[in-house]
Amino acid sequence: MSDSEEESQDRQLKIVVLGDGASGKTSLATCFAQETFGKRYKQTIGLDFFLRRITLPGNLNVTLQIWDIGGQTIGGKMLDKYIYGAQGVLLVYDITNYQSFENLEDWYTVVKKVSEESETRPLVALVGNKIDLEHMRTIKPEKHLRFCQENGFSSHFVSAKTGDSVFLCFQKVAAEILGIKLNKAEIEQSQRVVKADIVNYNQEPMSRTVNPPRSSMCAVQ
């Protein structure tokens, strides 16, 4: 088999992760791409990139190129350029932070603007993060689901800290983009649990990095 024939069996998808700062976007991307969870909050300045190759049913290899967009980018001139060409968009909010959910309207407005200008519509997924803090939830699941129904989003609830449904979220998004259906066994196999230490968020902005702190801990069960 030639190199070109081998490459034809691989797909690459651009997935853009949007949402307010401290909603857990970087932790989500890191948990998926590196199966780790950083113990300290590091503000993303501009954007970070993550890559992970997964295999979907039919032995289809898919490389997900994750664009983690900084929360302060919402008013910047580069945001539309970051979104351009994306096959998938994750709108991420913190289920314990009501404002992070409300602000998704602004993020989605930019996505719609870029989609209209490029005449392409990416798959958009609404992702409620930090479900390990269910007792502190401020956004009811019904409100989350209503927002999905009104805009045609796919719906996901995850915890970047425990790893709950993180891989499944990205797997489902990739499969939906490519028109592939996952069966029940594949979905159950993808629901991973990651052990992590308690996080103390540092409110001081820090320079961005794609490498997890050395003291981070993560174990996939």
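In case you wondered, yes, glycine gets a Cβ from its N, Cα and C as well.
Listed in Swiss-Prot for this protein:
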type	residues	note
BINDING	GLY21, 24-27, 38-39, TYR41, THR44, GLY71, 129-130, ASP132, 160-161	GTP binding site
BINDING	THR26, THR44, ASP68	Mg(2+) binding site
LIPID	CYS218	S-farnesyl cysteine
MOD_RES	SER2	N-acetylserine
MOD_RES	SER8	phosphoserine
MOD_RES	CYS218	cysteine methyl ester
REGION	35-49	region 'Switch I'
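Overlay of Swiss-Prot feature records on the structure.
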| residue | record | Cβ within 10 Å |
| --- | --- | --- |
| GLY21 | GTP binding site | 17 |
| LYS25 | GTP binding site | 28 |
| THR26 | Mg(2+) binding site | 29 |
| SER27 | GTP binding site | 27 |
| ASP68 | Mg(2+) binding site | 27 |
| ASN129 | GTP binding site | 28 |
| ASP132 | GTP binding site | 16 |
| LYS161 | GTP binding site | 26 |
Restricted to the region 'Switch I' (35-49), the mean pLDDT of the model is 62
ASN129 (GTP binding site) to THR26 (Mg(2+) binding site) - Cα separation in whole Å:
11
Would you mind pulling the DSSP three-state label for ASN129 (GTP binding site)?
strand
Roughly how many angstrom lie between the C-alpha atoms of ASP68 (Mg(2+) binding site) and LYS161 (GTP binding site)?
17
Per DSSP, three-state class assigned to SER27 (GTP binding site)
helix
